Amino acid sequence: MAGLLMQRVAVLGATGSIGTSALDVIARHPETMRASVLAAGRQVEALLEACRRHRPDDAAIADEAALPRLREGLREAGLPTRAHAGMEAIAALAGDGGSDTVVAAIVGAAGLDSTLSAANAGKRLLLANKESLVLAGELVMAAARDRGARIIPIDSEHNAIFQCLPADGDCADVRRLVLTASGGPFRGRDRASLAEVTPAQAVAHPKWSMGPKISVDSATLMNKGLEVIEAHHLFGLPADRIDVLVHPQSLVHSLVEFIDGSTLAQLGLPDMRTALAVGLGWPRRIASGVGGLDLLAQGRLDFEAPDTDAFPCLRLAFDALRAGGTAPAVLNAANEEAVSAFLQGRIGFLAIPALVEDALAALPARPAASLGALREADALARASTRAALARHAP
Ligand code: NAD
Ligand code: MG
C-alpha cells in the first residue's frame, strides 16, 4: 500500500545548493516521498553524509576514482545502498525504474545526459539544470512531450510562471513573460568599476544562497540571459515576448501578462524550497519549511531596467537566442569555461562577457538538428575559449 503512495525521488546534484534544499523538503514528507537515488560530482564525503541521512537504494558519484571510498563509506554505515560511479551510471539511474521523479540539479552542461534520460523515461522532471535547456532545449522538450514526461521548472522565475499559467500550461493567451532579476551583487555599478571585482565578491549574492557557478552568472547577468533562453523553451514564446525587469528585493519571482491586460505574479521569500515543494507536491501544495511573506515588514517592491552596458551578458544571450541553432550552445559552453577561469582567479570579471562574445563571433550559428551537432558546438566553443584563455592568462 505505502509503496503505491510513495513517490521515489532521484536527486541528482544531491550535495549542492538545490540538491540539499530538495532533500530538506523530501524529509518533511516521510509518509509520501523518499529519496531513492542520490548522485553527486566529486564530494564523496558529503554524498555519504546524505546517504546516512536519507538511506537511498542507489548512490552514484561522477568521479570514478571515488567509487572505492563510496563503497567503503556505505559499508561502514551499514547501508544496503548500491554504489555506482561515472556520468553514464548517473544518466542510467535517471532513466531506470528506481525513481518516479528526478530532481535535475547537476550544474552545467554535465547535466544534459541525465536530464534527457529522465525526459525519455517519461518521469516527472524537476528541472533546475537550466544549462541543459540552453544547450539542447528543443530536444529536451521534444523528448518530454513524446514520452509524457511532466517538466516542472525549478528556477524561481520559471516556477513562478508555471504557477501563474493555467493548469494545462497553455500560453495561447499570454502577451509576454516578465522575468525578474535581483541585479546581483554589483547592481548599480558601471562597467569600469567592475574590472577589479574578486570571485569572493561575485559569489556573495545579496538575496539567494546558491552554488558558485550560478552565483557568478547572477553577478554578470548571464544567469538572466540563460533564463530567457530557458523560458523560450519551457513556454514556447519568442525572444521579443520575454522581458527582464530588475527587482532588487527578490520577492516577486516573475510575472505573466495576458492578452486582456491582466498581469499575474508569484511572490514569496527567496528560498528554493518553495519551488521544489511545488514540483514535489504538484498538483497539490505541500509544506516546504519556508515562511510566508510579510509585505508590511518588507515595505516596498522596486523595479528598474537592466543595465546591459555594464552587464553585456544579458544582451549576448538575447542575441544567441535570436540567432538560434548552435548559438545558445556556444554561449553556454564559453560562459562555463570563462566562469571557471574567473573562479580560479585566472581572469578578471570583464573577461567573462568578452570571452563569450569572442566565441559567438568565432563560431557563427549553424543549424542544430541533432544532439551531435550541439555537442560539437559545445566542444568547439570550449576549445576556442580555452585557447583564448591560454593566450590571455597562460
Ligand atoms: P552547486 O554547485 O551547489 O551544486 C552542484 C551539484 O552538482 C553538486 O551536487 C555537484 O556534486 C554536482 N555535480 C557537479 N558536476 C557534476 C557531474 N559532472 N556529475 C554529477 N554531478 C555533478 O549548484 P546549485 O546552485 O545547486 O545549482 C545546480 C543547478 O541548479 C544549476 O544548473 C543552477 O543553474 C540551477 N539553479 C540553482 C539555483 C539555486 O538557488 N542554487 C536556482 C535556480 C537554478
Ligand atoms: Mg533563477
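From the backbone N, Cα and C atoms, a Cβ is placed for every residue, glycine too.
The following features are taken from TrEMBL:
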| type | residues | note |
| --- | --- | --- |
| BINDING | Thr15, Gly16, Ser17, Ile18, Gly41, Arg42, Asn129, Glu131, Gly211 | NADPH binding site |
| BINDING | Lys130, Ser156, Glu157, Ser182, His205, Ser218, Asn223, Lys224, Glu227 | 1-deoxy-D-xylulose 5-phosphate binding site |
| BINDING | Asp155, Glu157, Glu227 | Mn(2+) binding site |
| DOMAIN | 9-137 | domain '1-deoxy-D-xylulose 5-phosphate reductoisomerase N-terminal' |
| DOMAIN | 151-235 | domain '1-deoxy-D-xylulose 5-phosphate reductoisomerase C-terminal' |
| DOMAIN | 267-383 | domain 'DXP reductoisomerase C-terminal' |
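Features per TrEMBL, on structure.
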| residue | record | DSSP (3 states) |
| --- | --- | --- |
| Thr15 | NADPH binding site | coil |
| Gly41 | NADPH binding site | coil |
| Asn129 | NADPH binding site | coil |
| Asp155 | Mn(2+) binding site | coil |
| His205 | 1-deoxy-D-xylulose 5-phosphate binding site | coil |
| Gly211 | NADPH binding site | coil |
| Asn223 | 1-deoxy-D-xylulose 5-phosphate binding site | helix |
Which binding-site residues among Thr15, Ser17, Gly41, Asn129, Lys130, His205 have CB under 6 Å of ligand 2?
none
The one of Lys130, His205 whose CB sees the fewest other CB atoms within 10 Å, among these binding-site residues
His205
Running a distance check here. Ligand 1 versus the binding-site residues Thr15, Ser17, Lys130, Gly211, Glu227: which have CB less than 6 Å from one of its atoms?
Thr15, Ser17, Lys130, Gly211
Extra residues within 8 Å (Cβ to Cβ centroid of Asp155, Glu157, Glu227), Mn(2+):
Lys130, Pro153, Ser156, His158, Asn159, Leu179, Asn223, Lys224, Glu230, Ala231, Ser254
What mean pLDDT score does the domain '1-deoxy-D-xylulose 5-phosphate reductoisomerase N-terminal' (9-137) have in the model?
98
Between the two most distant Cα atoms of the NADPH-binding residues Thr15, Gly16, Ser17, Ile18, Gly41, Arg42, Asn129, Glu131, Gly211, the distance in Å is 19
Compute all pairwise C-alpha distances among Lys130, Ser156, Glu157, Ser182, His205, Ser218, Asn223, Lys224, Glu227, the residues listed as binding 1-deoxy-D-xylulose 5-phosphate, and give the largest one in whole angstrom.
19
So of Thr15, Asn129, which of the binding-site residues has the fewest other Cβ atoms within 10 Å around its own Cβ?
Thr15
If you measure from the Cα of Asp155 (Mn(2+) binding site), which of the binding-site residues Thr15, Ser17, Gly41, His205, Glu227 is the nearest?
Glu227
Measuring Cα to Cα, how many angstrom lie between Ser17 (NADPH binding site) and Asn223 (1-deoxy-D-xylulose 5-phosphate binding site)?
16
Are there residues of the same chain, six or more positions away from Gly41 (NADPH binding site), whose CB falls under 8 angstroms from its CB, and which are they?
Gly13, Thr15, Ile61, Ala62, Asp63, Ile106, Ala110
What's the CA to CA span in angstrom from Asn129 (NADPH binding site) over to Glu227 (1-deoxy-D-xylulose 5-phosphate binding site)?
11
Might you list, by sequence position, any residue in that chain lying six or more from Glu157 (1-deoxy-D-xylulose 5-phosphate binding site) with a Cβ less than 8 Å away from its Cβ?
Leu179, Thr180, Glu227, Ala231, His253, Ser254
